[in-house]
Amino acid sequence: MFDALAIGATGMQAQQAHVEAIANNLANVNTAGFKKNRTSFSELVVSAVQPGRDVAGAGVFATAGVGAGVQLAAAAKVFDPGELRRTEAPLDLAIVGDGFLELAMPDGTRAYARGGSLKLSAEGQLVTQAGVPLKPGVAIPENAEAITISATGRVQARLPGQSTPVDVGQLELARFASPQGLLAQGANVYRATEASGEPIGGRPGEDGMGTLVQGALESSNVKLVEEMVNLMVAQRAYEASVKVVQASDEMLGMINGLRR
C-alpha cells in the first residue's frame, strides 16, 4: 500500500509539471517568437516483487515486478516554425527556416535569438530591445533616412541626397545540430549547451541557413486548441493519480482497523 501511495504521488507530480508547461504555453500564445514547451516522462525503476521462474520450460527466467511510478524525463522547446505576422516596422526581423541571430552578451558570452524587434542604440548599432548588440555588429549612419535588410542579410542605408542605398553591414545566422538542447534564458533568448552542439555560422540563405524577412515577426508556435486538449488530458491523468492515492489511503485505513 505504501508503494501505491508513492506511485500515485509521482503521477500527481508529473502531471503538475505537465500542466505548468501547458500553462506557460497558453500564457505566451501571443508572444512573438515564442517556442512552446513539451514535457516527456519515463517510468521509474522497476522493483522485483518475487523471484523469477522458468518460462515455458525454455530455461528463461522472467522476474515479476512492478514499476515505481513516473518521473519527468525532459522539458524541451519545440522549434516548429510559427506563422509570419507583417508589422512593416523596418527593424522587425523574422527568420524563415533554420537559424538564430547571434547576440554579444554584456558578460562576453554569446546568446541566440529567433529574430525579433530590433532598435538602434545611441551609437547607431543594431541591438535587441534589451540593448544587446548583434554579432557581427552593424552600425547605421546617424543621418540614414531608410534602412533595408535583404533576405540574405545585406543591410543597406539610404543617405540624404543619394538615390542609391549604401552597404553598411552583413547579418549572419547560427544554427545547431540539436536546437532542442538550447537553454532558454527568457525573452526568447537561448544559450548553447553540450546537448545543442556548437553553433554553425553562416550567411542567411547559404549552407542550410534560413532567410530573413524585414518588417515581420514570427508568431508563437503555440496552437490554442492543441494545448487545451493537452490540458484536459493532463487534468484527467492528475485526477486518476489522486484517486489512486485516495484508494490506497482507504485500504491502509481498513488494514489499521483490523488490528483493533
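A Cβ is built for glycine as well, from the same backbone N, Cα and C atoms used for every other residue.
Source: prediction; values computed, not measured.
Features reported for this protein in TrEMBL:
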type: DOMAIN; residues: 7-35; note: domain 'Flagellar basal body rod protein N-terminal'
type: DOMAIN; residues: 94-157; note: domain 'Flagellar hook protein FlgE/F/G-like D1'
type: DOMAIN; residues: 213-258; note: domain 'Flagellar basal-body/hook protein C-terminal'
The domain 'Flagellar basal-body/hook protein C-terminal' (213-258) - residue tally per DSSP class, helix then strand then coil: 35 helix, 5 strand, 6 coil
Helix, strand and coil totals (DSSP H, G, I; E, B; other) for the domain 'Flagellar hook protein FlgE/F/G-like D1' (94-157): 0 helix, 32 strand, 32 coil
Outside the domain 'Flagellar basal body rod protein N-terminal' (7-35), six or more residues from its ends: residues with CB under 8 Å to it: 41, 44, 67-72, 75, 77-80, 82, 85, 113-117, 188, 217-222, 224, 227-228, 230-231, 234-235, 237-238, 240-242, 244-245, 248
Mean of the pLDDT scores, which run from 0 to 100, over the domain 'Flagellar basal body rod protein N-terminal' (7-35): 95
Helix, strand and coil residues within the domain 'Flagellar basal body rod protein N-terminal' (7-35) as assigned by DSSP: 21 helix, 0 strand, 8 coil
